[in-house]
Structure formats: C-alpha cells, structure tokens
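One structure is given below, encoded as structure tokens.
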C-alpha cells in the first residue's frame, strides 16, 4: 500500500468515525426532544440520519478494507448485500434532502397554509415515495447481477462484468443518476432559489423600515447606527449563505462521483484508481456534513444539547453531593477513634 492508498484509507476511517459521532448526536437529539419529534421536518431529518448511519456501518467499512487489501474484502453474498444497501441508501438520502427543501419552500413561500399542506400524513407519503423510488433501482440491479466489487472505487456498488450487457448497463446507470442525483438537484435548486427570493424580498422591506427609523432618530449614537447597518448586511447574507451551503455541499460531494461513473462507462477518458476512490470519499463526506448542515448547527438542536448536558451535570452533582452527605459506616473504624 503506497502513500496515496494509506492517505485515502485514513480519510475513510476519519469520515467513518466523524459520521458515527455526528449522526449519533442527531439521533439522540431526536429521541430526547419532544419538540423536534413533533415537527414535520424531523421525520425527514430522521430518515436522512438513518440512511447516513446505514451507509457508515455497511458500505464505508468494506471500502476501507478494499483500499487496504486492494481486493474484494468479503464474499460475493456480503458484497451483493452491501452494494444493494449502498445504492438504496444513497438514493434515499438524496431524495430526503429534496424533501427537506420542499418542506422549507412550503414553509417560507406559503406560511399561512403550511400546516395544512405539510402534515405528518403528507410527510409519511413523501417518505413512502422516497423508499419505493430508492429500492426499485437496487432491486433491478440485483436481479440482473449488476452489483459487485468495483476495483476503481474499492467498494461494493453497481458493477457490470459482462461485456455483452454493456449497453443495457449504460442505459440503466444513466436513468439511475438522472432520477436520483439530477432530480434531487433540480428540486433543491428550484425550491431553495424560491426561498431565497422570498427572503431577499423580506430583507428589503426590513431594510426600508430600518433606514426610515434611522433617519427619524437624528439623535441616535453613531455606534448604534453602525450596529444596525451591520446587522442589516448580515441579514442579507444569512439566507444566501445557508442556501449556498445546502446546494453547494450536494454538488461538491455527489457530482464528482456521478460524473466519474458516467465517464467510466463512456471509456473516452481513462480514470485512475486513486481518483475513483477520491470521488467515492467525496460522496462519503456528504454523510459527515449532513448532520451539521441540516441539524446540529441549528438553534433548536444546540438548545437540546445544552439541556442534555445540563441534565447530566445536574444529575452528577446531585449524586456527588449525596455521596458527600452520606453518614459514615459504623462498621468501619474511624481514624480518630
């Protein structure tokens, strides 16, 4: 194993560890907070978190072993199951992100009718579609024996070994990425750009009111005026940064892998094994970034973790004070006796 392979193996190991911790934290917050469970987006986040954890414990360990041993790390049966799960979980996570963007679009663009348009029943129907959509492609691939260990990516994934089925596999792969990656990207761009448009409109209205107030308050201190203008600028940038993060991480993590899969089928551009594994690691990095992008950096999850930590600290302090106030055991002789 050369330095490149050792670096890639270390990267996969780090991604696996961080993914377990971050997605585990999101799951704990969901189970602890009743407010998070009551909200409709919590169902989509829970589904995304479970998909990320499933990817972390199934596909990533075999990829790590494939990089280290430079061959298929397990038997054909295990590799077929892991390849099936990898295809299903990746598609499901993409569609979960699209569902979250639809939820935000309805909440921002149609705030008065949000609770009637997006109920628990509606969220359950959306999740049912994502599961049916996601499971259909790996079922077809498994029935046609298009799942196996791919040396270019050092992982168990979609793979065709028979040259006579090359055309059919190319069509299947193109349709699969169109209805998973491209469809999710189109939904993300459409919904979040609509959200950004509404956010900018509201920012302009607030800016007009702020400027009118600053003009009327002629005796206001310059430092207060400056802070108001800085907050005005941050308000304009906040929505743009969030939406850029949602769309940008999706493209940055998934696009290199999808493009590499399509170029590999065309046989026009030679692809090195190092780049194949790097593109796979970029796809795995989405599993790590999702908890921070969608959950852990939000105020509600921060507050939940503060409540959990405070409760643990309070319990430990109560236990320690109880131990300190416990009377000494009469059966044990004291030093001063």
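Cβ coordinates come from backbone N, Cα and C, glycine included.
Predicted, not measured: the structure shown is a model, and the values here were computed from it.
TrEMBL assigns the feature transmembrane segment to one of the listed ranges (222-242, 243-263, 264-284), namely 243-263.
Within the set 6-32, 303-329, the record from TrEMBL flags 6-32 under the feature transmembrane segment.
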